[in-house]
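Here is the structure we will look at, set down as structure tokens.
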Amino acid sequence: MRKELLKKVKRVVVKIGSGVLTGENGGVDPGFLDGLAAQVAELSGQGTEVVIVSSGAVAAGRQALGLPDRPRTLPQKQAAAAVGQSRLMRAYEEAFSSYDLKVAQILLTRDDLANRRRFQNARGTLDTLLACGIIPVINENDTVVVDELKFGDNDNLSALVTNLVEAQLLLIMTDIDGLYTADPRTDPNATLIHQVGAVTRELERGAGGSGTSVGTGGMATKLAAAKKVVKSGVAAIIFAGRGERTLSRVMKGELLGTLFLPAGESLNRRKHWIAFTIKPAGSIVVDAGARDVLARHGRSLLPSGIAQVEGRFDRGACVRVLDPDGVEFARGITDYSSQEVEKIRGHQSSEIERILGFRYGDDVIHRDNLVLL
């Protein structure tokens, strides 16, 4: 199954974590980048387009600034990223030019992808670069981003980029062999899971833990990234990036790492964007009946099923949809503001115009703008 799935891949996103990219001195490892460039050149020669999501700017800046530990505050991280990003790209250029490959730097914030027009513009730019045979190297724009606009980590960014460029595969290179039944660093009985058909709550609980001294993402963030892409019908593989030509071997179907199979019913690109790219501005709590109608029958959310409104949001904002226990089970684009929803909640759609003095439609969230999680 793995080999057959990988044969169909024509565009792949490769996420490279700081723990893989950096050497013992904490800076970018030129030997690793040379090996990576050789493997990317091999894939490109076979007709596979490669997009790289690379960490490492903060780590490179930390080395240049002589900082003993990873920066903790946002200003420190931004200063380190400002110093390190140019060094990171220079290292990529030097390594890839040896194989006649050109690279392009793309720096993104969450706001770039949350805005649909900018999302589409970014897609057009990346498509053009790939058509020209150029390897995009994408990173979060750490020098200007604020906490509320952060992707959180590059694992999450790689999942969003996979949707952005419509890749058929996400590869996450990390410092361990893949997803284990337990933490292999503390449990000698932990075994590698070679294939995952569905990301369950049990798997998510077992993947806890934070990042390393040079990176922000632990296995939990990688599992979350895999969960995002499989929902749009894309496979993901988490594997050790420091082994011998592991990228090439994975792409040839060798049994390395953990393969996450695509979901049977996949989200279209727009619904994936709603579910995972836009940051929710608030929440709507629905009653048990409304939850059942939405979850089982794929209907629109009507005001009659709304029990509570949390937060302030405008018409057209993304909101979480919570069940009576406060558990999020859906997200959607609302046709009414929080103040308007507060006034019409619990009422029939036929009463909207009488209550508000106007009416955008019968639905608070139309089913075309609603995504079950």
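Just so you know, glycine gets a Cβ as well, placed from its N, Cα and C.
Look at Swiss-Prot and you will find Lys15, Thr174, Asp175, Thr216, Gly217, Gly218, Met219, Ala220, Thr221, Lys222 tagged as ATP binding site. Counting every protein chain shown, the Cβ of Thr221 (ATP binding site) has 24 other Cβ atoms within 10 Å.
Per Swiss-Prot, substrate binding site is recorded for Ser55, Asp142, Asn154, and the stated evidence type is sequence analysis. Cβ neighbours of Asp142 (substrate binding site) (same chain, under 8 Å, six or more residues apart in sequence): Ala57, Val58, Lys77, Gln78, Ala81, Ala82, Gln85.
Applying DSSP to the domain 'PUA' (281-359) sorts its residues as follows: 28 helix, 22 strand, 29 coil. Look at Swiss-Prot and you will find 281-359 tagged as domain 'PUA', backed by sequence analysis.
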Number of Cβ atoms other than its own within 10 Å, given for Asn154 (substrate binding site): 26
Largest inter-residue Cα distance among Ser55, Asp142, Asn154 [record-listed substrate binders, Å]: 11
Ser55 (substrate binding site) versus Lys15 (ATP binding site) - Cα distance in angstrom: 8
Spatial separation of Asn154 (substrate binding site) from Thr221 (ATP binding site) - C-alpha basis, Å: 9
